[in-house]
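According to TrEMBL, the protein has these features:
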- LYS7, PHE8, GLY9, GLY10, THR178, ASP179, ARG189, LYS214, VAL215: ATP binding site (BINDING)
- THR52, GLU79: substrate binding site (BINDING)
- 344-407: domain 'ACT' (DOMAIN)
Amino acid sequence: MDLIVQKFGGTSLSDENSRRHVLRHIVRENEAGSRLVVVVSAMGRSGEPYATDSLLELIRTNGNALPAREKDLLLSCGELISATLLCSILQAEGIPSVVLTGGQAGIITDNRFGSARITEIKTERIHKLISDGFVVIVTGFQGMTPDGEMTTLGRGGSDTSATALGAALNADIVDIYTDVDGILTADPRWVSDARPLSTVSYEEICNMAQNGAKVIHPRAVEIAMKASIPVRVRSTFSEGEGTLVTNAHALRSQGIWFDKTVTGLAHVRGVTQLGVTNNNGPSDVQLRVFRAMATHGISVDFINVMPSGVVYTVSETDTSLAMELLQGLGFEPNVRRGCAKVSVIGGGMNGEPGVMAVIVEALTNSGIPILQSADSNTTIWVLLSEEDLAEALQALHTAFGLHLTPN
Ligand code: ADP
Ligand code: ASP
Ligand code: MG
C-alpha cells in the first residue's frame, strides 16, 4: 500500500469550488488504497479572510506590535481553519479523517519564531492513525519546540512540512498541488507562453526556487533531495501529471537525459543596487562595507569588488538601513532602487559556449540595459530595471526557445 503525502496550497483551498477539486484528489487516492497524509496551507491569498497575509493585516493598525512568539500563534490559526474545514468535508463524504497540528503530528522545531527549522519528526502518532484507516490532515507551515511552543517555518513553509513529513514517513511520493500545471519554464504570471516541464532534477528546481520561482519552497526541495523522496508538482484543478522532481540519476536510468542548456527562468523583484566609490586611494573600503552589512544581518548579492570601489545589491526592505550604515561610515552611496534580478538556469550550461551571447543579444534587441551580471556553473544572473522585467523575461524565454521546450 502506497503512502502518499498530498499538500494543498492556499489557492487550492480558497473557495467551495476549489475545495471540491481537493476532495476529488483525496478520494481518488483513497479509493486506490493509498495511505494518505494531507498537508494544508491557510485558505486563499492576501485579502481573503483567513489567508496568512490577512491574519498579518489584523495587527498592522497596531504597528505590527506583537512579540514573535505570539505572532506565530496568530499565524498558525490560518492552517488550523483550513485543516478543520477539510476534515468536515471529508467527514461529510464518509471518509474517516483526523486533524493534527504540526506539534501533534510530531514536527519538532528549534525556537526561531517566524522561521523555525525542523529538528525532528516523531512519526508514531501519524503511523498509528494511518494504519487505523484515517486520512491524516496536518496543518502545514508549523511545528512545536521541545517545550511546547508553537512555531512557524517561514513564508511558503507548508511545502517544507510536506516534504519533511514525506521524508520522515518514507513516503512513496509527495504531491504538491497548486494552481498551475507543474513547474513551468518561467512564472506564467509574467510569461504567457511558459510551458510545464515533465521532469526536473532536485538541483534544477532548487536553483529556480532559490532564485525566486515560488512554486515550491527551496528548503522543501532540499529535504526531499536529501531523503531521495520523489516530489510531483501538479495542478489541483486538473488530472495532469504535473512535473516530477527527482534525482538526475533516476531520470537518466529511465533514459531521460535532461541536462538542458537552459531549463527555465526565475526572477526576484524589489532589489536595490548600491555603489560605493573609493575616493581616498587605497583603503579598507570593501572590508568596512561588507562587515557593516554582515553585522546588521543584511544579505548582499551581485557583489562586484573593484579597485575603484564596490557595487552590490540588497533587498528593497534592507535599503534604508544599508544606506544609513554606509552614510555612517562616511560614504555617499549611489542608490538605484526598483531593480529586478533575472536568473537563466540550466544544468547543462556549464562549458556550453554562447549562453551569455544569447542573453545579451535578446536584451539588447529589446533595448533593455543590463545593470550587472554574474554567473555560476548552472546559472547566469542579470540585474535589470523592474520596468523592463516583463519584456526581458519574454525576450529571454523566446530567445532560448523555451516556449518550444519538448517535455
Ligand atoms: P500555493 O498557494 O499552491 O503554495 P504559490 O503561490 O506559493 O501557491 O505557488 C504557485 C505560484 O508560483 C503560481 O501561481 C505561479 O505564479 C508561481 N510561479 C513562479 N514561478 C513558477 C514556475 N517556474 N512554474 C510554476 N509556477 C511558478
Ligand atoms: N500559509 C503560509 C504562507 O502563506 C504557508 C504556505 O502557504 O505555505 O506563507
Ligand atoms: Mg506556496
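All positions are counted from 1 along the displayed chain.
The backbone N, Cα and C atoms fix where each Cβ goes, glycine too.
Computed from a predicted structure; not experimentally measured.
Features recorded in TrEMBL, as mapped to the structure shown.
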residue	record	CB count, 10 Å
LYS7	ATP binding site	29
GLY9	ATP binding site	27
THR52	substrate binding site	26
GLU79	substrate binding site	31
THR178	ATP binding site	23
ARG189	ATP binding site	9
VAL215	ATP binding site	22
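In the three-state DSSP reading, VAL215 (ATP binding site) counts as coil.
Rounded to a whole number, the C-alpha distance linking GLY9 (ATP binding site) with GLU79 (substrate binding site) is 10 angstrom. With a CB cut-off of under 6 A applied against ligand 2, the binding-site residues LYS7, THR52, THR178, ARG189, VAL215 are reduced to THR52. Nearest in space to GLU79 (substrate binding site), taking C-alpha to C-alpha distance over the binding-site residues LYS7, THR178, ARG189, VAL215, is LYS7. Per-residue pLDDT, averaged over the domain 'ACT' (344-407), rounds to 92. Secondary structure of the domain 'ACT' (344-407) per DSSP (helix as H, G, I; strand as E, B; remaining residues coil): 28 helix, 13 strand, 23 coil. In the three-state DSSP classification, THR178 (ATP binding site) falls within a strand.
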